[in-house]
Amino acid sequence: MAASRWPQRPPILFLVSLFFSFIYYAVAFEVPILDTDYSRQICSGMWGGKNAYINVTFDSVSQGQLAMVIYEWKDERYLGKPQKSDPEEELPRIYVCTGTTQAQGYCSHEQLGQFILDLPEGTSVNQTSFWSATVELSSNNTQTLPTSALSTSSFWDDPDGNPHPPKSQYDSPFRRDLLPRQSTPMPTSGPLIYKEPLHYQVTKTGFYCVAAIPITLNSVRRADTDVKFHASYKGKVLFQNVFNGQLPATDYPKVNFYFVLFVIYAIIGGVWGWFCYRHLHELLPIQYYLSGLVGLLVIEMLANWVYYRFLNAHGRSTASTAFLIVVAILDAGRNSMSFFMLLVVSLGLSVVRESLERTMLKCQALAGAHFIFGILYAVGIVELELESASALILLIFIIPLAFTLSGFLLWIMYSLNGTITHLRARKQHYKLKMFERLYYILLSAVVVIAVFFVVSSMSFSGRLAEDYAANTWKTRWWLLDGWLALLYLTAFVLIIYLWRPSENNSR
């Protein structure tokens, strides 16, 4: 299955020039399909429309005959027929029509060599998303044979039902710009002779799968041997969404999302700069730090946007990996700097005490650890495949960051309580009001994080389920990236409004 994968720190002018160098160059998302067991079915979410389609192309070395099907996941329940057996015994479904399965009554003679579709009474193939055919690949070593001599490999005899989606691959340099006017029609009789890419029009948004099962020819033996002839193939499945580019459909919303965040932070930066200019001679040290953080946020959002534009235009490469590390460093640096600033402010630095002494070293150590774990997490959520990654690997990326994040939040809340108690005892009401508001902002953020942690855990706990990718491909980016970025934006805006430069700074 094609799932989502899903950056040296360049100056801002370099990022802008880099973006304009590839903004008009893009190709489609492409995944290999092979005759090995876990590469015979390729699936991907797709944003459907007038210009969206799937192309399946086989290399010249491919030979033999295949049973092929292309379909949208909502119709998966109609693929294959349950075996006739004892009701208490669960057997795998029968997916491909062969001479044996025909004799057993699972399919008709006209369906030989094709996938079996178990449609409800009164429902025709045209009312579903299925395209199914026997495909004959060109070869000098084979000949077209009666389909009654066909049998299939045991790949689709999975005791759990449909095969688990294979690992996705994105490093193909293969390019093509083919857009046939209409989908390849199903043959009325006999196999479909492969001459050009098989084309499937995608008019509706959904999760689409391409499956190709080699057919063994029982009546043909290889020269001077008793080995049955078995089809072999190697090809590419090209998913052309309504947008132009190599990003999987599940990741494409990030392009617009980070562009919007870049614009928002740029506006915030402009407004903050105006306040700083108006009260230039009254600025506090914390406001200088906040000014640097605002600038870092603008650069980070721009880098994220350009990174996904780059990935969409050029695909995965050494350059995209380097770019990803840059983005990860910016993201981790922003988070660590934000929590560090909140912590030292909560401890009362420059408000109730002149210095933090040895406590400052502990704050810096926690910030450094959070920075490192943040880089690992940022790289991991892009590089890992949730469906195939082990729970241990996921925990390695998530748990350390969760510990440092929890450490920051607990320490900040504890310190805030102490500072608020101190200010209340000294009856410094103006400062007390600011710190109380900061406390409520952070407490609300903790509650939101806890709620989303439960929601995300419940969602990811089912990542090994057969229909997990089909049900979550549209929203997975939001669970991984979107809501955290939006939460940070909300908390950041509230905090900088609270600590904005004003004529009351000296108070």
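Note that Cβ sites are derived from N, Cα and C of the backbone, with glycine treated the same way.
For 142-155, the entry in TrEMBL reads compositional bias 'Polar residues'. Per TrEMBL, domain 'PTM1-like N-terminal' is recorded for 40-128. Per TrEMBL, domain 'GOST seven transmembrane' is recorded for 253-505. According to TrEMBL, the region 'Disordered' annotation covers 142-187. What TrEMBL lists as signal peptide is 1-28. Among the features that TrEMBL reports, transmembrane segment is placed at 257-277, 289-310, 322-349, 361-379, 391-417, 438-457, 477-499.
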Quick check for me: are there 3+ Cβ pairs below 8 Å between the transmembrane segment (391-417) and the transmembrane segment (257-277), leaving out pairs under 6 residues apart?
no
Give me the DSSP three-state residue breakdown of the domain 'PTM1-like N-terminal' (40-128), ordered helix, strand, coil.
17 helix, 28 strand, 44 coil
Local confidence of the prediction over the domain 'PTM1-like N-terminal' (40-128), expressed as mean pLDDT:
83
